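Only one structure is covered here, and it is reproduced in the block below.
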């Protein structure tokens, strides 16, 4: 067999998203499952956003960051799942050249924003537990707005870098991506031109925009643990740790699934394993986010009760 032919970028045909399964008989069941999960994700996160914006008691840094996390999850999921559902419904695997790169950009933007917001939320919990007397000044509305603005601006840096660099890559004639979305690593595997600069930037940007926020989260929780274990009463320790439980759960799920996609040794990589991990952090985690943050959260449940005009305390369905 001859060497794969290159194609001129001005006349590139569509990419093929091989999806979760290539078996036609499974597409209907997968369509129903992922449509249901997508609708639950939209409804749950929109309820969180509405509850927080409509209740003045929740206009605090922790809940403002949570509302931004829910907005991010809505956008993150919407960048890939609707296209996957369309392909399942139409029994098609295609995505246009421009559509693939647009999807890639928005996935990187909102995936990176998720990462930065989790770090900001960890810092918020650190200040609340370790420096409670300075909380009102250290987490003032102006500073919160500044941190959110910086997060929204910073996340565009790696997204634009990777997307623009990939537009310079020449792809082989067979452009099949073994995922349900346009993944940068998968795109590099079907390239017929030199991709060393792309691979280098993935490492550099990963260290800057993935490792640095994770390090901030770890340091915050080290300080939080040190402060909590210094509390003499078991009740006080439990109360302090309970305010971090939801956030810590999201951190473990988010970074655990990311490591399953990008940080495992190449010898352990498989398209099936990467797809399962991607489903976890792109579909399941955004769907679970409202449940995790509303479960046993009295303030959130009361806000949801007011939203539905009920005097009873409720949690998300």
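The backbone N, Cα and C atoms fix where each Cβ goes, glycine too.
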Item to check | Range annotated as transmembrane segment - as stated in TrEMBL, picked from 277-295, 296-314 | outcome: 277-295
Item to check | Residues flagged as transmembrane segment in TrEMBL, choosing from 2-21, 62-81 | outcome: 62-81
Item to check | Feature transmembrane segment in TrEMBL, mapped to one of the ranges 174-196, 243-265 | outcome: 243-265
Checklist entry - Counting Cβ pairs under 8 Å that sit 6 or more residues apart, are there three or more between the transmembrane segment (135-155) and the transmembrane segment (29-50)? => result no
Checklist outcome for this item: Under 8 Å Cβ-Cβ from the transmembrane segment (62-81), and at least six residues away from its ends along the same chain, one finds 34, 38, 41-42, 45-46, 48-49, 52-53, 103, 106-107, 110-111, 113-114, 117-118, 120-121, 124-125, 128, 144, 148, 151, 180-181, 282-283, 285-287, 289-290, 293, 299-300
Checklist outcome for this item: Per the Cβ under 8 Å criterion, with at least 6 residues separating them from its ends, the transmembrane segment (200-222) contacts 112, 115-116, 118-119, 122-123, 125-126, 154-155, 157-158, 161-162, 165, 184-185, 244, 248, 251, 255, 258, 262
